[in-house]
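Here is the structure we will look at, set down as structure tokens.
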Amino acid sequence: MEKILHMAEGIDIGEMPSYDLMLPKPSKGQKRYLSTYDGQNPPKKQAGSKFHVRARFEPVHFVASSSKAERQEDPYGPQTKDVNGRTHFASMPRNFYQDYTQDSFSIQDGNSQYCNSSGFIFTKDQPVATNMYFDSGNPAPSSTSQQANCQPAPEPPPSQMYPESLVAEKQYFIEKLTATIWKNLSNPEMTSGSDKINYTYMLTRCIQACKTNPEYIYAPLKEIPPADIPKNKKLLTDGYACEVRCQNIYLTTGYAGSKNGSRDRATELAVKLLQKRIEVRVVRRKFKHIIGEDLVVCQIGMLSYEFPPALKPPEDLVVLGKDASGQPIFNSSAKHWTNFVITENANDAIGILNNSASFNKMSIEYKYEMMPNRTWRCRVFLQDHCLAEGYGTKKTSKHAAADEALKVLQKTQPTYPSVKSSQCHSGSSPKGSGKKKDIKDLVVYENSSNPVCTLNDTAQFNRMTVEYVYERMTGLRWKCKVILESEVIAEAVGVKKSVKYEAAGEAVKTLKKTQPTVINNLKKGTVEDVISRNEIQGRSAEEAYKQQIKEDNIGNQLLRKMGWTGGGLGKSGEGIREPISVKEQHKREGLGLDVERVNKIAKRDIEQIIRNYARSESHSDLTFSTELTNDERKQIHQIAQKYGLKSKSHGVGHDRYLVVGRKRRKEDLLDQLKQEGQVGHYELVMPQAN
């Protein structure tokens, strides 16, 4: 600053423009504007010399000096780094702003003659910027301290839950993850092959490349208060919210109508966020009615952040203390490995261990070591306790170690009592019917090869309830009981994932031995009497062709008067013999007509077919071919409902067809089947054993 003033000595540029707000001068004949000194003596103007020494340039405090010593002392130079070489991004904006405002106000107080004479506009605008900065949630100093004391803004107390060493470690991990994201984005295998990038696969692959796994926390939107849901997401009523975390660091939150959709939306936002300049901060977030500290990833340079409420309970993030190396010990580490509870919701041992660790909120880790004979040894650690080890290749050793670890954990599992969890599939029984129905009146309704579907259809057909009750046996084995109307039909023992299918199969076999079975053959083969598109369109053509020209027709009378007696037209009768058939014209058909619109079937033709079927006494169903479009099938559904018929579509895609039939009671269908043996595509099979 002294150098600039020294350079500007002796230079006079005349009067400088004023940056203060000035009122316009009143015109002649008008009264002057009222001022703050009305009724008082206005202050006298101080006499001053017109010519005096004035700085040629306005003093700008961020001009750097040229010497190395001054550059080192410059508080606005490069930011200092810690011992590990990583920048403390979290402290950079606040420290920089405090030094900046402090020097600015010191210039105002120390060099007031230059500020007042030249209208130092930068310092005049400074309080506005200060308010803008501290409106984002940081405590703002009072105006008195800005003008008089010039004290910097008070810093918040350091976090006791997350020490600086932990934040620096998480910052290093996020920088490593960001580099991995950019590396995968430049990989053509990740972006080519499809128009849309699979962000979930990319984020999972990048996080696993950093030797860890992502964490997804789901919550139904019904359980979240409406005030905590973003305004643009309030249209969702039955959706889900998904929070993505990694190493206890919050990344993003996604909202969608399903769990997979919310996860995909959250991972997409996370990948886009990791492509920017980001940092790890400790902020206060809300979880239901509790406010606690949390580690979050936010963009550098953004002063205000609006984070959605946390979906993970804050008690899962509590630091209980520090170990010998100074690292924090979290609540999950306080659990002993013997309290581990196995949840059998996977097929292999690795999946069971990972899912169980997530359920118990414990940490499981696999460590590899190459042996002298060029084989790999994999050891499984649960809560830093070695459970088992396996040998082989890097892949087979992990599976072998997981199998051995699972056997060790199964031995330590306590003997649980029968843990029951039921799934009830109830039929459409009438309300208020509390009478228990007899199993002897049950009719097995077989509409699928899956025994679970057969049992559910049977329960709905007979208006009964079916339940599947699980009982935990030893190890990974479970017992499943099938209960129909409070009566046990069958049971099976096996793995939880397949024991339900086995128990349902045994129940169907047991019921077929004593109860009649109605088999629906509609899905088992092609239907013979299928109504095609041409058959529907041919009805209009046949009716138009059958129309007879009457004697009082004007055209007929004109031809008779000209000598036509019948037969072909023309002198020798070589013309047409039959009248021109009526051609239907929809709306304004003509040049440029879409061919597909011409091939559409008429609604009155469909209604005529269904009306004739409803008035007849036929017991077979109407089956429309797969040539019909979605709109045409929609019309058939509406017309069938109009005449009190039931309609249902079967198949997928181009193989989808529609069946229209009568609403039958179970008793009427059984009576017809007993008399005729087969009604339409229904077939009756009597019990195999008495």
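Note that Cβ sites are derived from N, Cα and C of the backbone, with glycine treated the same way.
Quick look at what Swiss-Prot annotates:
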type     : residues : note
REGION   : 1-296    : region 'Active repression domain'
REGION   : 27-49    : region 'Disordered'
REGION   : 65-85    : region 'Disordered'
CROSSLNK : LYS68    : SUMO2 cross-link
REGION   : 133-160  : region 'Disordered'
DNA_BIND : 296-388  : DNA-binding region
REGION   : 414-436  : region 'Disordered'
CROSSLNK : LYS500   : SUMO2 cross-link
DOMAIN   : 600-664  : domain 'R3H'
CROSSLNK : LYS666   : SUMO2 cross-link
CROSSLNK : LYS674   : SUMO2 cross-link
On the region 'Active repression domain' (1-296), the mean of the pLDDT values is 62
Do you know the DSSP helix, strand and coil residue counts for the domain 'R3H' (600-664)?
-> 29 helix, 13 strand, 23 coil
Do you know which of the recorded sites LYS500, LYS674 has the most other C-beta atoms within 10 angstroms of its C-beta?
-> LYS500
Cβ neighbours of LYS666 (SUMO2 cross-link) where a neighbour is any other Cβ within 10 Å = 14
Inter-residue C-alpha distance, LYS500 (SUMO2 cross-link) and LYS674 (SUMO2 cross-link) (nearest angstrom) | 33
What Cα-Cα separation, expressed in whole Å, is found between LYS674 (SUMO2 cross-link) and LYS666 (SUMO2 cross-link)?
-> 12
LYS666 (SUMO2 cross-link), DSSP three-state class -> helix
